[in-house]
Ligand SMILES: Nc1ncnc2c1ncn2[C@@H]1O[C@H](COP(=O)(O)OP(=O)(O)OP(=O)(O)O)[C@@H](O)[C@H]1O
C-alpha cells in the first residue's frame, strides 16, 4: 500500500499544481487496504480537508488505485483519529460481495469499528459511509435548487419520488440540455432519501462509470457480483444514459437490473440529454421501459429564473450583487445554469482582483468580455475549449496538455474541429492555441471528426449540442 501511495502522489504531482499537492494531498495518510473488499482507507487531518478531498480528488485517487491494484477499488476517506485503525478483514459472503463493481460493498455495515454500534458516533460514521458509497455530492440539495417554470414539474416529481421511492413514478426519467440541473436534481433526491434516515441503499452512477463497471465485471468474470450489487440497491440514480448508445452488453445488464429493481419496487431515476424515443442506438426494449414511468423535461431557465439563480448563488458565495447586475448578466448569458455559475465566478474574481467592492454593470462588461462576445455571435477558441471540456467533463487544461488518453484526445480533436468550423482562425493559429501543436495535427483532427461525424449518430448529436450551445 505504501508503494501505491507513493506512486499515487507522484502521479497526482504531474497533474496538479504544487500548492494543491501540499494543501490537500500531502496531509493525507493511507491507513489500510482491505484486500477482501478492495477498499482503500485514507485519513484526512480535519473535516474541511476531508470534505474537499472527497469532493475534488476522490475520483482521481480511485482511478489510480484501480489501475494499481488491477481491480475496482473504492477509496474511503476518514477523519484522522476517528477510529482510524486498520480495518479488520471481513470474511464470509458479505466480504466476497465486496469484490463487485466499484467495490460493491452493497452498503453493508461500516468496515470501520468507530464506536459501539448504537452510539451517535457510530451512527454518524455509518451515515458518512452510506454517503461515501452513494457517491452523492452533499452540496446538491433541494434547498439550494432554484425553482422556476423551466424546472418546476421536474422538481415536483423529484420531491414526490424522494418521499415515496419505488411507489409513484418508476422510473423517473429527466431530460434536458447541458447544465440545466439534471445532475443537481437527482443528487438532491438521493441526499433527501439518505437524510430521511430510512437506511436506504442509494447509489449515484454516471452512465460512463456503469459502462466501465460492466467492462470490469466482464474481464473479471464477476457478473454475479455485479448483478447482486446493483439489484440490491433501493435507489439507483443513473446520469446521462445517452452514453449507453451502442454499448450492447451494458444495455443488457442494465435491462436486468432495471427489471429486478422495478419488480421489487426499488426506485430508478435516469437522466438524459433527450427524451427516451429520441435516444439513438439504445435497445427498443429499454426505451419502452424508460417510457413506462414518468418522463419530465427540464427547460432552459427564463430570464427571471436566471436572475434568481444568480442572486441566490451570489448570496451563497458571500458576494453582494445588485439586481441590475444580475439582470445584465442574465440577459446576456442565456444558455444554461453552469454558464451563469462560471460568469459569477469570473465577475467576483475580477472584482476582488481589481479591488472593486461593489459589483457594477461596468465591472461585468470587463470581466465577461469573452463570454459576452460569444453571446454576441463572436465565438472564441477559448470558449470552444471551455464548452467542449465542460461537455466531456475534462479539464480545460487538457486542451493544451500533451496527455493523450482517448478520453482526452477525442474531446480535444472535437474542440479543434469546432474551432476550424466556427472561427476565422487558421490551422497554425488553432494549433498554437492548443498548446503549440503543429497545423498538421489540427488538420488531422478536423478531417477525423468530420468523417466520424457522418458515420456516428452519437458524435453527430454531441456536435449539434455543442454548436448550439456555442452559437447561443
Ligand atoms: N435550478 C437550479 N438551482 C441552482 N443551481 C442549479 C440549478 N440548475 C442547475 N444548477 C447548477 O448548475 C450546474 C450545472 O447543473 P447540472 O450539473 O445539474 O446540469 P446537468 O443538466 O446535469 O448537465 P449535464 O448534462 O452537462 O451533466 C450545477 O452546479 C448545478 O448545481
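Yeah, the Cβs are placed from backbone N, Cα and C, and that goes for glycine too.
Fair warning: this is a prediction, and the values are worked out from it, not measured in the lab.
Residues or ranges marked as ATP binding site by TrEMBL: 179, 181, 182, 183. What TrEMBL lists as domain 'AAA+ ATPase' is 168-302. The annotation domain 'Chromosomal replication initiator DnaA C-terminal' is assigned in TrEMBL to 380-449. Residues or ranges marked as region 'Domain I, interacts with DnaA modulators' by TrEMBL: 1-84. The region 'Disordered' annotation in TrEMBL covers 88-116. Residues or ranges marked as region 'Domain III, AAA+ region' in TrEMBL: 135-351. Here TrEMBL flags 352-472 as region 'Domain IV, binds dsDNA'.
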Averaging the pLDDT values of the region 'Domain I, interacts with DnaA modulators' (1-84) gives 85
Count the residues of the region 'Domain I, interacts with DnaA modulators' (1-84) that DSSP assigns to helix (H, G, I), to strand (E, B) and to coil, and report the three numbers in that order.
44 helix, 18 strand, 22 coil
Listed binding-site residues (182, 183), ranked by Cβ neighbours within 10 Å, top entry:
182
Cβ neighbours within 10 Å, counted over all protein chains: which one of the binding-site residues 179, 181 has the most?
181
Tell me the residue counts in helix, strand and coil for the domain 'Chromosomal replication initiator DnaA C-terminal' (380-449), as DSSP assigns them.
51 helix, 0 strand, 19 coil
Around the recorded ATP site, report the further residues of that chain (criterion: Cβ within 8 Å of the mean position of the Cβ atoms of 179, 181, 182, 183; site residues excluded), sequence-ordered.
176, 178, 180, 184, 185, 271, 298, 337, 338
